[in-house]
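A short write-up of the structure that comes next.
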Amino acid sequence: MTTFDDLLEEAGAFGRCQKRIFALLCLVSLPFAGVYVGIVFQGFTPDHWCRDPALAERRLACGWSLADSRRLAAPLVNVSGELQRSSCERYEVDWNVTALPCEAEEPHLSGRRTTACKEGWEYDYEGRQSFVTEFDLVCWHGWMADMFQATLNVGFLVGSIAIGYLADFGRKMSFLMSTLMNAVAGILVAVSPNYTSLLVFRSLSGFGVKGGWMAGYVLTEIVGVEFRRTVGVLYQMFFSVGLLILPLLAFFITDWRWLQLAITAPYVLFLSYYFIPESPRWLLSQNKKSQVVKITESIAKENRRVLSKNIQTLTDDEASSSSSSASLLDLFRTPNMRKHTFILMFNFTSAVVYQGLIMRVGIAGGNVYMDFFISGLVEFPAALLIIFTIERIGRRLPFASSNIVAGVSCLVTAFIPDVFWLKTTVACIGRLGITMAFEMVVFVNTELYPTFVNLGVSVCSTLCDVGGIASSFILYRLAVIWLELPLIIFAGGLVLLLPETKGVPLPETIDDV
């Protein structure tokens, strides 16, 4: 009996045809980075203070600077152990009746009564226009800015589940449907007239982009077995390339709406991917052998290879395992299955830490564009370490070590002296560790469960999305109390209890586990 993998060996496991298609699919990861963590620039929160209309008029008349205006409006408060001008309170002074000549010395306002902001806020825009400044999502409305990221992850969660049903129409069709939704929802986010519509369209964007990215990953199945893991890591590496492009775009496109359109534009181009072949493995599972043969022959032709296998005896080598039905209970049926499931459930923290560390760049101070770019560069050695260690050392030790390194680095960064180069170095080490863990969790998960228990992979993906929902609240709300407090929350290491899967045949039944 001839399997599709047998045909691929003859047609070329990773020839010119597969490389061309893979290169096109890798481009899908580039704008995904902008959607995923664009909040760093689109939701940028500059220095702000209570707006006093009368004081604003006096500032314009006298030619005072924003700093002068802030000193007159905002009282000093203790923020993370330092005295800073308040962002959410102002002195209760009626500047319409308070005579203050333009050249007069600054009045002594300490001890005056203060009140909450009632007339909105003034911002030191620093050259950026964000949805935070447009909709005044600061102070007691700050949690509403967190919802921008949380609703995206809600869309991810629903999209990763729904993509399974969309896949019934074919892997390519589910990719194109998701891409169309990405394009439409992304444009709607850019033209959102108010905060509520912004969240609705943002969740729709998350629904489409996660499903489309996963469908694109599945379409890389046309490579041989020995190349699948490398292809998977490289596919995710292009997400890291997108992280490097994002700060460059944000530097030149300072309005959040136009930046959103720039991030969305590639999805319009991806609609032209209709010419990419359908997944042969999916076609084989649907018993459409003639189409599988046609696609494989075109691959062989472009790779300048000749097929000699008996295509009439082509069989689906995954049919027997996929025919079994699986339920949620199967994830807890045996002691080993229960242990694997509980530990991998714990690793939803990988999503919390990974997303949290990226978004922290936006609030850590310094040059946000350069800091974001440097932190993105760290992801490349992480991908290379995965490629060079998983087949030589195994999965468990790199997976556990990366989680531990990330956790320790977060704790060290929180407590070391405020020396810029030292904090940056330790933070980059932590980013490297969590990037490795975040990228490894998917394929480690697929190797721990029988082929037919695909529910295990879905549960892991769902929990990562739940972690993403929590990450923005953990980061931004705790940072209000103390900037380094979120780092203390980011830690992990139970994966040492997972079995090693290097060189072990993939389990086909629960008994194999």
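Positions of Cβ are set from backbone N, Cα and C atoms, glycine also.
Annotated by TrEMBL as transmembrane segment, the relevant range among 115-138, 451-474 is 451-474. A contact links the transmembrane segment (258-276) to the transmembrane segment (21-44), because at least 3 Cβ pairs that are 6 or more residues apart lie under 8 A.
Counting only same-chain residues 6+ beyond the ends of the transmembrane segment (174-193), those with a CB under 8 A from a CB of the stretch are 35, 159, 163, 166-167, 201-202, 204-205, 207-209, 211-212, 215-216, 219, 257-258, 260-261, 263-264, 267-268, 270-271, 273-274.
Same-chain residues lying 6+ beyond the ends of the transmembrane segment (147-167) with a Cβ under 8 Å from its Cβ atoms: 35-36, 39, 42-43, 131, 173-174, 177-178, 198-200, 202-211, 214-215, 218, 282, 355, 359, 458, 461-462, 465-466, 468-469, 471-473. Residues 40, 229-230, 233-234, 236-237, 239-240, 243-244, 246-248, 250-251, 357-358, 361-362, 397-398, 402, 424, 427-428, 431-433, 435-436, 439-440, 502 of the same chain sit 6 or more residues outside the transmembrane segment (369-390) yet have a Cβ under 8 Å from a Cβ within it.
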